[in-house]
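Residues or ranges marked as disulfide bond by Swiss-Prot: CYS99-CYS191. Taken from Swiss-Prot, the feature N-linked glycosylation site applies to ASN5. The feature topological domain 'Extracellular' is assigned by Swiss-Prot to 1-27, 78-101, 163-198, 260-274, with sequence analysis given as support. Per Swiss-Prot, the feature topological domain 'Cytoplasmic' maps to 49-56, 123-141, 219-238, 296-312; the stated evidence is sequence analysis. The transmembrane segment annotation in Swiss-Prot covers 28-48, 57-77, 102-122, 142-162, 199-218, 239-259, 275-295 and rests on sequence analysis.
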Amino acid sequence: MPSINDTHFYPPFFLLLGIPGLDTLHIWISFPFCIVYLIAIVGNMTILFVIKTEHSLHQPMFYFLAMLSMIDLGLSTSTIPKMLGIFWFNLQEISFGGCLLQMFFIHMFTGMETVLLVVMAYDRFVAICNPLQYTMILTNKTISILASVVVGRNLVLVTPFVFLILRLPFCGHNIVPHTYCEHRGLAGLACAPIKINIIYGLMVISYIIVDVILIASSYVLILRAVFRLPSQDVRLKAFNTCGSHVCVMLCFYTPAFFSFMTHRFGQNIPHYIHILLANLYVVVPPALNPVIYGVRTKQIREQIVKIFVQKE
């Protein structure tokens, strides 16, 4: 295989153009993205701090929430700082290795979040359908195994993306009309057939579809259990415990769904719309998740208020 310094096979760097078609608006677009990114950083760091310092929150649900915050921090930080560098300082250049690394982390964190949402749905299923056995089922050992699955499955699925890109010649093509590196965009620059890349990408998407089916199945069982509860107050309490997770799922899958649909079937939609949707997908859910849990989860809300009151 040619070396990574062979500019005919691998370009020494890629140029990320940002959002072609909205070049003159880059500086204005950057400010809302910067604000949302800061909200994501502060919100998720706050969630992690509260869960770490408050012993009463050392429970399965909050361990999974801490994992969600770490994933959201990773997903947003792997994309937005580079985007802001492009918009503010015209730092379009990214090394070939750096581009592959960014691609790996974007797909890794995205995949981890889909698996974690399945795990969180299972957590709510056990909490509502088997409340008396909750602590017996979700032991520390079980939580460790589930966390390993969240990381391990996506490590296995995402690593081949790197080698699928490394096998392709680029013939000097290095202009990426995007704000970050992702598998489909890089493969599209190659001057060789990418059928294997496409097939593998569809296979990975099929895993995500299975995740969605598992989540939906969990909530069908949860709803059946909730409607069998004896009183309306108990049913409302059960719905409330699932509300945060449902909101998080909607925040994650809704922009992903629209991004996928416009990419697959929106050939007449301007390219900058595709890029804007792709960028919203990596920053809006990480910003909204801590807000949702901070507002809807009583234990989190009380501890945040307690911390700020004590500081005052």
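Glycine is treated like the rest: Cβ placed from N, Cα and C.
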Neighbourhood of CYS99 (disulfide bond) by C-beta distance under 8 A, where only residues 6 or more apart in the same chain count: PHE13, PHE14, VAL176, CYS181, LEU186
Range from 142-162, 199-218, 239-259, 275-295 with the greatest count of C-beta pairs under 8 A to the transmembrane segment (28-48): 275-295
Cβ-Cβ distance under 8 Å to CYS191 (disulfide bond), same chain, at least six residues away: PRO169, PHE170, CYS171, HIS173
Contact call for the transmembrane segment (275-295) and the transmembrane segment (57-77): at least 3 Cβ pairs under 8 Å, seq gap 6+: yes
Tertiary contacts of the topological domain 'Extracellular' (260-274), as residues 6+ beyond its ends and Cβ separation under 8 Å: 19-22, 177
Maximum Cβ pairs under 8 Å to the transmembrane segment (102-122) - stretch from the list 57-77, 199-218, 239-259: 57-77
Predicted model, mean pLDDT over the topological domain 'Cytoplasmic' (219-238): 80
For the topological domain 'Extracellular' (260-274), residues assigned helix / strand / coil by DSSP: 10 helix, 0 strand, 5 coil
Residues from the same chain, set at least six apart from the ends of the topological domain 'Cytoplasmic' (219-238), whose C-beta lies under 8 A from its own: 121, 124-125, 128-129, 246
Intrachain residues whose Cβ lies under 8 Å of the topological domain 'Cytoplasmic' (49-56), provided they are six or more past its termini: 62-63, 65-66, 299-300, 303-304, 307
Distant-in-sequence neighbours of the topological domain 'Cytoplasmic' (123-141), which means Cβ under 8 A and at least six residues beyond its ends: 60-61, 64, 218, 221-222, 225-226, 238, 241-242, 245
Sequence-remote partners of the topological domain 'Cytoplasmic' (296-312) [C-beta within less than 8 Å, at least six residues beyond its ends]: 46-47, 50, 54, 56-57, 62, 65, 240, 243-244, 247
